[in-house]
């Protein structure tokens, strides 16, 4: 018996190890398939699946399916086999009576199937809500700076809470109720099988086998245990099957979703060094092409367009906001649906998107983008893209870590870095989507001269440039003007500039919108915008860059390690045992009253279980006594009474067990999950901006998805298992102590052995579990970065490299997971071998007592052996359950860590609330103000003092990194003072809560951020304004006409990231937000960078009119937009260099502002 058990143990552990290997292979295969799918998702699919939803499928659904395939699926056939063998042996013991119990099992199967279907539907619904929640969290993290600037934390917290608590947890609670029904059915079935078999045998079947005897009862009970274990296991299997089916459907839907049409663009290999190639080779050709974004769109976005670009040509695409410029670029790149026409690309492509895509790596890696380093060419690119002065400023030069989305770079620096990446690629074709919009006039001229123009590095390449910088049109080969997705005019630059057509009118309006100080006097339109693009002198170019003047806002933060240039902090892992406080936090989150009630129900479940077994033993003993007293007569002693009592005890045990399950899944776990998630959400949302600067979004998403899933499902299972095992151990010890006290002595050393194994294993397993969790984060960060830059990755044809990177991240996670599982098998093997030895020892001990002493209650001895066997199993389960719970608690530990993040200042200070009308005047004063982005960084503003009078319009200019945007962040208290004060209307803003300060200010940021929802929700997330007020704001923002053209008006749906709006239109929505708020103080942070000149002039006029009674602070890269300001503030090196009227500053030759204006005038003509 011992040898068979030992062989069984080895076989089981080997099989389990093989199963987990299959698990990992299935999971990594599915994750790889999901990743590769993200690279080719069509626009329709991107609309259906947000970044959060894709990460949910990669983190949760792949785990559910792989767990079922590798760890559960074999039980679908092995458990029925075990039941069949046990039934055969029972038939030999009880005869046909056993089949009455089988009948109950057959009846219970359809009921279980119906319940599982209901659970499956609710599980699917819960996962949909989870996807929705993760999608919104992902959007919130992407737009956290805007949310903080506008003091919108509470509306978004409320939105996430509603989805989480009302919808997601609501579905989970309902599923918990059905889980209780399932538990009742699955606990009643084994009892009904036992009860019906014994009842039938006692009433009808004992003529041939005799009445219930101790031998018959205990052997039958052992065999019934063989049936009970698989049936009880069926609840776990059923749960896994339900979850796997849900996940398989979700994965199938995603993997079969639409992909971009690879045949829309005809890609042709091109060798520019081939003898047959020439400058007349057409590398980009669109013939009568019509394109649309979504398959459901009834009209096309690009209509019957014909465009071509030869090998050495520079083609400019111009037009007003929303004219279709970026859409045409997307069409050429194959990112739109082609409805008619032909499009051909010959050669390799490099792409510069309108919103720069920055990868989380060093500046050098961002430029090289997978290519080998060519030091000589690399230096040329750095010089040409005006990055050399920036490298000198960065602490580790080009090895400085840029951070996620380039958070420590200014807008202009990101644009130049994106351009440098394209230039270094040495492609045949360059698609440049408005790269000059984010830089100032000096840098713009340098970039065009050194890179894009006829004498630049790309002069011999095919270039398609989207721009509204009309001053460069004379240097282009061809000009295409779009309006409403149609080409309204195209031709050579000289033709269109002198034809009195749409291009001529477009340029004329630009010149009219310029200030007198820079307005050209020539009547020849072509001459008016003509610039000398001849021989570019390197010295003058370098001099032009050095000021990088008023364009680039200073970066949003510095690096933390000044020697290595590291910005992103490595994910910290806890070490050692999980603190008891983590367990206590979960128990408290469950609710004390719920825990007490659970313990009461668990106690009753254990007592009724013990009582039913004792009653059965008592019944059999009575039968033995009756047979001894009346030989030859198989009398039954009140069979009905014993049956009824046994039935009531069994029913009570099932009912109490079901109620215990209800407490776990419908009360305790739901309440704990709600509180834990709320605490983490508040912890993250109230963290300072510096935290988001150094923490990748994927790491935070990992906490809200995978780690939170553990808290929702795994921890309740694990905690329930621990408590159940603990009560079972106590019950077994109690029965053994009553039945056969001597056996208790033998278990004392066994407990110490188990404790040693548990301690040895848990130390390693716990650390590995933490490593597994931390190595998941890079996987999610990588896919998040890939999704946001999929268009660039495809354009550069770097899909395979990114797929290989993804496989490496997955490999790191798989290695830790595999080792973790292997040491689990190490523990299981030793526990089961020890259990086999215990079973042998206990059996020999019990037989010895009866044989040598010749006395004792055989029934109690049999019962004690039965419970002793169970006790060895329970002790083994206690170790594995504790370790499983401990490992699961590491995820809760990570969640709790985010609940306790350092917080910003209070949102509201009840004892210091400003008056409702504050600020009435709008006076802003900085007094000896100094600040830094994070504690270990240098000061970014030093002893700044200036005062802006009420209703003044102030232009803020300065070099890159001078501190311009730092002033804005300080005003909004995104960064806090190290010393000094900021006063608004004479009140120190530090005395008020953040909400009271930020909600009284308004800003139009450089990077426009929109959220999924309606236009109404985006303009007014708080819901404080009427539709009439919203329409009025849109009118003044010059966007109302476009919104009215949509069927749903204000209810028109904004897609993820505002992808169905152009960047310029997104900026206009931000303007509408500011117009709606009507704050007394408005900050414009390069607010019109993505808008054409004509629209810019209209917007500037609208701002002057609508905010004439407000204080306006403007950070501008177009100096002409601030020359009519009341005052100019020049910031240099974090200090106020100049603060005076434009007239006084321009009159002084030594003025920094005057120097910048001179450079701007040279640039314009």
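Backbone N, Cα and C atoms are what each Cβ position is placed from, and that goes for glycine too.
The feature domain 'ABC transmembrane type-1' is assigned by TrEMBL to 1-243 (among others).
Annotation source TrEMBL lists transmembrane segment at 85-109 (among others).
Taken from TrEMBL, the feature transmembrane segment applies to 181-204 (among others). For the transmembrane segment (181-204), the residues of the chain that approach it from at least six positions outside its boundaries are 90, 94-95, 97-98, 100-105, 108, 111-112, 115-116, 119, 211-212, 217, 220-221, 224, 227-228, 231-232, 234-235, 238, 612, 616, 636, 639, 642-643, 646-647, 650-651, 653-655, 657-658, 661, judged by C-beta separation under 8 angstroms.
Per TrEMBL, the feature transmembrane segment maps to 216-242 (among others). Residues 64, 67-68, 72, 75-76, 79-80, 82-83, 85-87, 89-90, 93-94, 105, 112, 116, 119-120, 123, 179, 182-183, 186-187, 189-190, 193-194, 197-198, 209-210, 613, 616-617, 619-620, 862-863, 865-866 of the same chain lie 6 or more positions beyond the ends of the transmembrane segment (216-242) yet place their CB under 8 Å from a CB of it.
Looking at the domain 'ABC transporter' (284-509) alone, the prediction's average pLDDT is 90. What TrEMBL records for 284-509 (among others) is domain 'ABC transporter'.
Annotated transmembrane segment per TrEMBL: 595-616 (among others), in sequence order. Within the same chain, residues 191, 198, 217, 221, 587, 642, 645-646, 649-650, 652-653, 656-657, 659-660, 663-664, 668, 723-724, 727-728, 730-731, 734-735, 863, 866 sit at least 6 positions outside the transmembrane segment (595-616) and bring their C-beta atoms closer than 8 Å to a C-beta of that stretch.
Under the heading domain 'ABC transmembrane type-1', TrEMBL lists 596-887 (among others).
According to TrEMBL, the transmembrane segment annotation covers 639-659 (among others).
According to TrEMBL, the transmembrane segment annotation covers 709-730 (among others).
Here TrEMBL flags 736-757 (among others) as transmembrane segment.
For 833-854 (among others), the entry in TrEMBL reads transmembrane segment.
Residues or ranges marked as transmembrane segment by TrEMBL: 860-883 (among others).
What TrEMBL lists as domain 'ABC transporter' is 924-1158 (among others).
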Under an 8 Å Cβ to Cβ limit, what residues of the same chain, 6 or more beyond the ends of the transmembrane segment (709-730), are close to it? 59-60, 130, 172, 586, 598-599, 602-603, 605-606, 661, 664-665, 668-669, 672-673, 676-677, 870-871, 874-875, 877-878, 881-882, 884-885, 888-889, 891-892, 895
Folded-back contacts onto the transmembrane segment (639-659), same chain, C-beta under 8 angstroms, at least six residues removed: 180-181, 183-184, 187-188, 191-192, 194-195, 198-199, 202-203, 601, 604-605, 608-609, 611-612, 615-616, 619, 622
